[in-house]
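Going by TrEMBL, these are the annotated features:
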TRANSMEM  B:6-27  transmembrane segment
TRANSMEM  B:34-53  transmembrane segment
TRANSMEM  B:59-82  transmembrane segment
TRANSMEM  B:94-115  transmembrane segment
TRANSMEM  B:135-160  transmembrane segment
TRANSMEM  B:189-209  transmembrane segment
TRANSMEM  B:221-254  transmembrane segment
TRANSMEM  B:261-278  transmembrane segment
Amino acid sequence: MLTITDLSVNYGAVQALSSVSIEVPKGEVTAVIGANGAGKSTLMRTLSGLVKPGSGGATVGGVTITGRKPEDIVRLGVSLVPEGRSTIPELTVEENLRLGGLWRDKAERNSTHAQVFDLFPVLAQRRKMRADTLSGGERQQLAIGRALMSDPRVLLLDEPSLGLAPLIVTQILELVSRLARESDLAVLLVEQNAVTALRVATTGVVLNLGKVVMVGSGAEIASDEQLRQAYLGY
Amino acid sequence: MTTFIDYLLGGLGSGAIIALMALALVLIWRSTRVVNFAQVGQAMFTTFIALSIQTWTGSWYVALIGALAAGAVLGVIVQYLVLRPVKRSDTSGAIIATFGVLIALQAAAGMIWPGGSQAFPQPFNNSGIEFAGRVWPISIYDFVVIGITALLVLGLTLLFTKTSLGLSMRAAAFNPEVARLSGVRVSRVLTFGWALAGSVGAVAGVLVAPVSTISPNSFDILLVFAFVAAVIGGLDSLIGAISIGVFTGLVISLVSGYSDSGNAPVVALLLLALNLILKPEGIFSHHKARSV
């Protein structure tokens, strides 16, 4: 579904990504893991249009997305849940969700809205409350819900575990992998927390200093002692 | 006591106008973090246009609508020509640029409409209403001013709370990145904000002109009062701009009544200083602190 080919990104003289190629099939979670500074967030920001690629690119269903503006990329079916504060605290839960699909046809938008509430019942309960009254886990659900409001074909998740309790991380990631299977969604998950990420991912990609150093099944990577010590640091 | 109430009533109309101008400042600040000091220059310019329209057509309503449209167009022009080229991160550069626009607009107005101060025709009776055996210091025109202000505030409230465009504008103001990732065309939304603020300021200009006169510099003092009201209100709060705007009008009226109208700007600046010492983030702000 999402095909990344020879993607390179430079920040000035620093090469953040060099010739990265990853295939993200639909119906599965593909996890990109690696230490701090491996280029994971740069990858996500480039795919969503916030950062311009140096060379190479990415396509979704054959359409090139790289080099376009974020507001156009989301219309092509690629939705990013950015790292950290990705909800708007001053807006209500309902408004944050509505924001995710404002450009869509009203009837379609309302049906997605209902689906998101089914998926995250707690958001339906708190719809009138400001987003900053939610707990960390609820806020991450809201951020994912907002991204789903555009009815994406590709969901990009940047460090969803950041600052959340392990149990909540597991719940959220299991929900995401079920969503991938049931809605035929291609999920690209970026995580520093490799153990958790590899548990739900069909395929794992290890990124180190902007390069892909290994691609394999989640189990393969999790059991590769050398790799773990060299790149993942645990 | 009656004198006190008279002074308060007398300040309502000007309070409404200050509130509108403060509202225009807040609309821009919320979305760009820039105080648009050119706002009164834009309002002055569009009020001159309104005066020309009034002279041609003889209709105050046509002049008001003309100012509304001209204000929107001028707002967009100012954003495109001046603010876009200034780097997004460089807010002090942008603020200085707005001063440049103010000076340019005043100079241009002086050339286009020479001859100094001009009177703006009174659209409604502006003498005090006679009621219950006495003349009150509030006129039909004051009621028109307050009514138009209330209508605008109501319209803006509905826009921001009930419409998709309003939600896009708020999202773009709070977090442009998340707004873009959600599909909001942020630069278009910002441009609409400049048009909207331009129109609100233009209405303030047309409303204040009949009770003062119109010259390239005649709204400078309005900028002082509106700026004070906007800052005390918290700069990002529409409710703050409106309520502190009206409050400022009342204070000015009391100061002018009990002492001299020349003291009003001094008192306004004292209020501002007091606010910055006691509650620098403003009374209605969404944010906890603000650097000044």
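Placed from the backbone N, Cα and C atoms, the Cβ positions cover glycine too.
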Can you find at least 3 Cβ pairs under 8 Å between the transmembrane segment (B:6-27) and the transmembrane segment (B:135-160), where each pair is 6 or more residues apart in sequence?
yes
For the transmembrane segment (B:189-209), which stretch among B:34-53, B:59-82, B:94-115, B:135-160, B:221-254 has the most Cβ pairs under 8 A?
B:59-82
Most Cβ pairs under 8 Å with the transmembrane segment (B:135-160), selected from B:34-53, B:59-82, B:94-115, B:221-254:
B:221-254
Who are the chain neighbours of the transmembrane segment (B:59-82) in space, where the CB to CB distance is under 8 Å and they lie at least 6 residues beyond its ends?
36, 38, 42-43, 45-47, 49-51, 53, 97-98, 100-101, 121, 123, 190-191, 194-203, 205-206
